[in-house]
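Trainee: What Swiss-Prot lists as FAD binding site is E34, G35, R36, E37, T38, L39, G40, G41, T42, C43, K52, A116, D314, A322. What Swiss-Prot records for C43-C48 is disulfide bond. Residues annotated as NAD(+) binding site in Swiss-Prot: G182, A183, G184, V185, I186, E205, V239, A272, I273, G274, R275. Taken from Swiss-Prot, the feature active site, proton acceptor applies to H446, supported by similarity to another entry.
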Amino acid sequence: MMESYDVIVIGAGPGGYNAAIRAGQLGLKVACVEGRETLGGTCLNVGCMPSKALLHASELYAAASGGEFARLGIRVSPELDLAQMMKQKDESVAALTRGVEFLFRKHKVQWIKGWARLQGEGRVGVALADGGHAQLEARDIVIATGSEPAPLPGVPVDNQRILDSTGALELVEVPRHLVVIGAGVIGLELGSVWRRLGAQVTVLEYLERICPGLDGETARTLQRALTRQGMRFRLGTRVVAARSGEQGVELDLQPAAGGATESLQADYVLVAIGRRPYTEGLGLETVGLASDRRGMLENQGQRSAAPGVWVIGDVTSGPMLAHKAEEEAIVCIERIAGHAAEMNAEVIPSVIYTQPEVASVGLGEEQLQAARREYKVGRFPFSANSRAKINHESEGFIKILSDARSDQVLGVHMIGPGVSEMIGEACVAMEFSASAEDLALTCHPHPTRSEALRQAAMDVHGRAMQN
């Protein structure tokens, strides 16, 4: 029997579950097809949320064991209980996934547990998790299948010794030596977790810099900070092969520019070279769609070339970020419901949850220079911010880039304490086409780290008062 819906959402990650919830809110009959045992996709289950749980716990452990507590007059002798750390992480994740289930019930979203495949216009077949099969039809179908870790030729992931990001969240022991392949967001965050817990961490990167999408000055500052924390970086390095055994892994390395091969030993290796869209096996050909060479699906305003098929999140162009997927989900469903909806792709913030944190939105200096666009720069260091100084967290800065003529804010780049919670103000400013002067004239509470943003805006015009 064919079950009919207004909307079928394939995938229940941040894009998929938010699309399903918004459809329910708008009174549409909606089904969400997800084969995992829990909702939330990579982000909630094996990505954003568990990694943040370990980042937070490891930061506290490092503060207690590394002298930061003692400096404040708090004397403790911490002992690492890795099993409990992993348990609390899993409990937090379970609570979040149950929360999504509650929201599905609240908004009358039907969760069909299984794996979906398109079967022609308006039709979806589902291989149910319990072994059965279901046939669904809908006027509109939303593909929100997300992404998976990208493989590295010659380095086979087994999640025993050679790990992907999921495996790195489930280790039962602290590595003696963890080698991270890839100096991007995932590699640096997970590498910093295990460094704080006692591992020697070596980061290998093919390029001559870390975080290639990040503003150059910010990236260099982050690398210096992580180096001081004990992480080792080998840039311009190519991994050509890996051999794993019971006791560890042997890697063959070469200079990216060419040269002799050398070996590097580790007891664990994390492959974190990026992610690729999960679009294989979806039956795209049955509706006349094909992914590009990167596996991504083209769209105009989330609408694909196939009638009634929409695409959101990591399967589309742009940064693979949960909040970008959520934004696209809202726009997509509003349009399906016949409402006007737009998304500003120029104002999608990104955050690296290392210590110090990194946050940015908009254009960087390299991008502005490549476009030959004239701009002004305002900087303010956290070493001159009273709250950061009092908290002994004075590393980093905030940088604002504004148009040389109009003063419109073009980009904001932050590295320092708590900047993940501050970048939202910059996003609001840019959404309203604010000028640097607008930020400079806005009263900020004292003493807070957010004052550094105002001072950076003042510095665009050479008027910073506290530096």
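Just so it is clear, glycine is given a Cβ too, placed from its N, Cα and C backbone atoms.
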Trainee: Relative to the Cβ of G184 (NAD(+) binding site), which residues of the same chain, six or more apart in sequence, are found under 8 Å away?
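Mentor: Result: I210, C211, P212, A272, I273, G274.
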Trainee: Cα-Cα separation of K52 (FAD binding site) and V239 (NAD(+) binding site), in Å?
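Mentor: V239 (NAD(+) binding site) has its Cα 28 Å from the Cα of K52 (FAD binding site).
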Trainee: Return the residues near G40 (FAD binding site) by Cβ distance under 8 Å, restricted to its own chain and a separation of at least 6 in sequence.
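Mentor: Those within reach of G40 (FAD binding site), by Cβ under 8 Å and sequence separation of 6 or more, are A12, G13, P14, Y17, M49, L96, T97, V100.
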Trainee: Which residue among the binding-site residues T38, T42 has the fewest other Cβ atoms within 10 Å of its Cβ, if you could check?
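Mentor: Comparing Cβ neighbours within 10 Å for the binding-site residues T38, T42, T38 has the fewest.
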Trainee: If we check Cα distances from E34 (FAD binding site), which of the recorded positions C43, C48, V239, R275, H446 wins as closest?
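Mentor: In terms of Cα distance, E34 (FAD binding site) lies closest to C43.
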Trainee: Counting distance between Cα atoms, which of the recorded positions R36, T38, C48, R275 is nearest H446 (active site, proton acceptor)?
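Mentor: Result: the closest of the recorded positions to H446 (active site, proton acceptor) is C48.
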Trainee: If I restrict to non-local contacts, at least six residues apart, and a C-beta distance under 8 angstroms, what lies near G182 (NAD(+) binding site) in its own chain?
Mentor: V203, L204, E205, V271, A272, I273, G274
Trainee: On a C-alpha basis, identify the one among C48, I186, V239, R275 that is nearest to T38 (FAD binding site); the candidates are the recorded positions.
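Mentor: That would be C48, nearest by Cα distance.
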